[in-house]
Each structure stands twice: as structure tokens, then as C-alpha cells.
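For reference, the structure is listed below as C-alpha cells.
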Amino acid sequence: MTHQPDTTHTHGKRVSTPLDAVHPLDPLNASEITSVRETLERAGHLTEHVRMAMLLPVDPPKATLAAWVPGEPFERRASATLLDRSDGTHTEVLVSITEEKVVEANELPSTPERGQAAVLMEEFFEVADIVKADAGWRAAMERRGLADYIETCFCSPLAPGYFPDETEDGSRRYLRSLTYLVPNEGDSPWAHPVEGLIVKVDMIERKVFKVHDEGDVATPTKHGNYSIEAQGPARTSLKPIEITQPEGPSFSVEANVVRWENWTLHVGFNSREGLVLSDITWRDGTEDRPVITRASVPEMVVPYGDVDETRYWVSYFDAGEYLLGRNANPLALGCDCLGVIHYFDGFVNDDLGHPVKLDQVICMHEEDYGIQWKHTDLDGKPDTRRSRRLVISYFATIGNYDYGFFWYFYLDGSIQVEAKATGVVFGGSGVPGTDNPFNTEISPGLFTPVHQHIFSARLDVAIDGEDNTLHEIGVVPLPTGPLNRRGNAFTWSDRKLTCEQDAQRMADGLTGRVWEVRSAHRKNYVGKPTGYRLIPEGKPVLLAQPDSTVFARANFATKHLWGTRYAEDERYPAGTFPSQSSGWQGLPAWTKANRSLDGEDIVLWHQFGPTHLPRTEDWPVMPVDYSGFWFKPHGFLDQNPTMDLPEDARAACGTGGAGCCADGTCGCCSDGCNCGNADGCACGK
């Protein structure tokens, strides 16, 4: 490797905080966010009633980035979405941070076709006060005998969806609110939903305009608290696991550029997508070969399958409506991340445009990952190499749910993307012991609806460059006949997806369907195009019907794969503003052009995630539900790239660590640490 790992970082953590930008793709830092705010104020765009709903860094054009030489100056730009809270006007402003000036400003219409800006933090906190001041809501609480809980209850601020048959004006900016009791200070509100009480709050006029009040279902009384004090005592049977790297980790970090073994990449972060990885290359001999230009999870949707009036409308877009990055968690050593950790801090803006620091928001570390490869030859001598992976991750909390987004880089050139869903399931109240085809009872009287978590990963691929082709591969059994006389044969199909309308695909587990991106010009050792394969899990896509509004709004989630030709302004699969949108934005709109994908700069959009039928074991906090996909080299490399891994087990565990003998000899022997014969040791000791 050409990079020099930091051998002084042998335990604990190190943290990178964004300071002055040294790379065109660096995340916004505190001084840049402040500069944008001051520029907008001087230009008259950020006034008393105007809030900064979103602020994102603007990547330079690809040609500009490719021509940039490290150390040379570069222009920094940011895009601000502004909301005037006095009348609901939206304005998008492009700002040159470098030149401290507004480049462009466009006022946007407040229509369902365009949608609304993400929910402000200010609006989150206002909803409870507005609801509790409303006479209609107070009367509904009193009718239920819940007057004693009026001041202490939790009134949730929720994105409302889009339903044109409802009477409100389609351009009205509003939130829905559900009520949860908090019997004692510190209690989890999610255990005590007030059924049949829904409030609609106009966020421009700051008043309730509709209270839906039906039913008299009792609110569950059993607590849902999950602390050790509530659930303990803590078990004492688990023994410590300690991760040590006495020579430090194998990666090096220079500002936001990370090098680990053959991988090099840039780590970014923004308030909407959260973690962004760019310029991902693989070192092959003396050449850094491009694999992915930019990778992120820019959207997700959580559609619910309940028909009840209280929840039929629930379909949250956690990136576009709530901003995943803005809601990212500070990560703790030993809890969120275990081992020798490098953290990256992040900065986002508050509603007034001031910088907010998110401490330790991205975690990076190495993990041992079992066997990389193994074989025992005819002479009985085993040969084994250990695997490891580089892990880059962050967590975001959106209301009751928590989502971890993990990117894994492997020694063999593979990339894995994994989403971890945990937190508290969202429920309603019901009659204990009754059956409901759309909800499961997880605690006496507490019913949780069936729902989905559908994530959308955007991979701007560049397999040995930007001239790529896209193919669909699947196995094909052959009928018994002249070509298959014994009936055992099978082969594969290889279909080239040449345009965007062809590249809207579904996974198929029966054929092992995968999608392969190939270089249009480069050949490998055996004369075939170099390539990478996207390997899906193939879980259900959006289950809502085509005539539903969520089908239109989350149309990206109706396919496992969309392939598009790169366009600079195509970043979000449900469009820029999915909140209260009537739909058909993003991918379905862009692909109407049916652009060519043959030898072009291709972007893959892959949808994945669990369909959740809740169970009692999901309460009071849900164990992590894992979902994801792989992106693996297929003909990209001339052979297994891990053949040069060292034999010594201590390269994976450290001298004297797990897997090594106490006297420093190898612990990979067929008879453990008592081989007594160097010839019998797989590691050559």
C-alpha cells in the first residue's frame, strides 16, 4: 500500500472536525454555514419570518472536479431552501460561498405538484403548544376522561401525506398530530396512544383547522419503558470482549479522504442524505481504478398498511420530509462503535441558518470478518486467511424509529450496504385479545400496524470510467433435449438494458437475478469487459395499490432497480420536495425521456428493506432488523485480490490475541496451540 496507516492510534478514538474545506467535496463547515446565512441576510432573502429549511453543499460539475489538482483553489457553493412562515412562500437560493454572493434565486409555487419543504425543527416544537391550546382537542381529551394528562401528554408532529379527496386546500402547509399519554415523567409515550384522535395543524396560520374524534377505545396502561431500571436487573453472564490494535488501524485519514488497503474514498455528510461517499477507487498495482463516483441513501419511505382513520395516511419520507442527516446521532465509543475508532464530526444548519455541530456523527473502524479463504490440500495441510472489513456508518432517529446506515468495504473488492432498523414500533390502541388483519397485538391493548421500510440507495457508478453499460443476469435451466441429454444442464441469460424504460426492474430470487455494470471499453485478463454486480435481497417492493396516493408519491419504491443516465440535478428518487406532494416526481418523471444507457454515465437506484409484520418480541424496543445489498466485482480483477494476505494469524488478531498461542506461536494449527511441529502449522510457524 502507498498510504501510511496511523500506528500511534492504538486504542480509543480520534475525531475529525470539518474546518477549512481542502477538497471540493468536503461537507459544509461552521464558517461556511455562517457565511451563507450572512450572504442571504445581506441580499434580503433571510428576514424575520423566513427560515432555512435545508442547506446543502453543491458538488462541482464532474469535469471541474476531474480537472482539479489537490492544493489548487476551488469554488464552494451551497443551495438553501427558504420558507417564509408568514405566507408559505418557498425560495431556492444558490450561493457562492467563495465569492459571498447569491448566484441565483427562484421563488417556487406552493402546489401539490411541487410539494413542501422539509418540516422545520421550529414546527416540531410548536405543534404541541398549538394542539393543547385548541378547545376541540381539549374537549376530546375530557370526553375520554383524560383531562389530567392534557398538560403532560405528547402531541406528535407528523408529515400528513397527500389526499386530494380531503377538504383542505392542496397548497396549505400543515402537519397531523396524534396524542400519546405520559403517565409519569420519563415514561415512553409510544406505549399509550390515544386512539381515534387526530388533529390537523396549519403551520402558516399556526392553528388547528380540524379535529377528528371518534371511538372510545381505552388507552393501554402497561408501560413501555426500556431502561435497565424499568426492565432490570441487568444480566451478569456476559464476559467482556475487547478489540485491540496494538499497531493502530490499517487505514489512514487525511482531512476527509480515507485510504484502507486497496480502497480510497472521500467521506462526506449533509443534512438531507447523511453519509455520502465519493470518489471510490480500487488500487490495482499502480493504478487507482474508479468504481463509484458518489454513493448515498438519499431517500426512504415508511408506508403503513392500516385502514383505520387514525393511520391510513401514514407514509413517511424520512429523508425528504424530516432530513436524515439533521437527525443523526452522536455516536459513543464502546456502544455504537467497538474497537479503535475514527469519528467524523458534522455540521448542519438550524432554522435560522446558524451552524449546529453534530459530534462524532460518522464512525469508521475495522472489523475482523472471519475467513477470507481456506483450503486443505491433498497432503492434509490447511491454508487459511482471515478477512476484515472497513466499516463507515451513522445512525439517525426519526421520531420512534432509529436507522443505522452501514457501508462495508472488503479486502476482495466487494462493497456491502446495510440498513439497520431499530427503535420503538408505532402503534395504536385496541381491545385486548381481538384479532385485526392489519395490526398485531404486541402488548395488552397495544396494536402495531403492518408497514414497510423501503430504502433507496443511489450509486453513481463509474466502472473504469463513465462509459458503462447495464446488464441483467439470471440463471436459466435448460429443458431435456439434444443440448441437455441428461437433464442436468443450466446456463445464464445476459440481457443488455439499453435505455431507461428497459432499466426499471424487479428482483427474482428463482433465477438469482443480478444487475451488472460493465466498462464499455476496458477488458480484463481473459478478454471480457470489466464489471461489478449489484446483488439484491429481493424483498417486497411497495405493496400499496396503483390507485393510491402513496403509489404516486413513492413510485421509486415500486421497482427494485432503476437505471438512469447521469444528470447533475437528479439526486432524490421521490423528487426534491416529497412532503405533501401529489407524486410522480423524481424517477418516474426523469425516465420519461427514456435516455440511452449504452456506453453512458449510469446511475443505479436500488430499493431494499424489510416488510414488517410486528411481533411481541419487537416490544418495548425492536431488535435490529437488517437489510441491504452487495456490490461485487465480476471480471473487474484478474484474480482473487487477497492472495497476498499474510499467513500469520497475528496479522488479524495481534500478538497474544485471540487465535494466537500464549508463547507467540501460531494458533491456526490442526491441533490448536499444542502442535509441537512447525510443519503442522497452517501459518508456517
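Each position is counted from 1, following the chain as shown.
Each Cβ is built from the backbone N, Cα and C atoms, and glycine gets one as well.
Note that TrEMBL annotation is computational and uncurated.
Now, the feature entries from TrEMBL:
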- 1-23: region 'Disordered' (REGION)
- 30-104: domain 'AGAO-like N2' (DOMAIN)
- 119-215: domain 'Copper amine oxidase N3-terminal' (DOMAIN)
- 241-643: domain 'Copper amine oxidase catalytic' (DOMAIN)
- D318: active site, proton acceptor (ACT_SITE)
- Y401: 2',4',5'-topaquinone (MOD_RES)
- Y401: active site, schiff-base intermediate with substrate (ACT_SITE)
Pairwise Cα distance for Y401 (2',4',5'-topaquinone)/D318 (active site, proton acceptor) [Å, integer]:
10
Looking only at the domain 'Copper amine oxidase catalytic' (241-643), mean pLDDT returns 98
Specify the count of other C-beta atoms within 10 Å of the C-beta of the residue listed as 'active site, proton acceptor'.
21
Validating a neighbour-count step here. Other CB atoms within 10 A of the CB of Y401 (2',4',5'-topaquinone): how many?
18
Secondary structure tally of the domain 'AGAO-like N2' (30-104) (DSSP, helix then strand then coil):
19 helix, 28 strand, 28 coil
For the domain 'Copper amine oxidase N3-terminal' (119-215), the DSSP helix/strand/coil residue counts are 27 helix, 27 strand, 43 coil
Helix, strand or coil for Y401 (2',4',5'-topaquinone)? Use DSSP.
strand
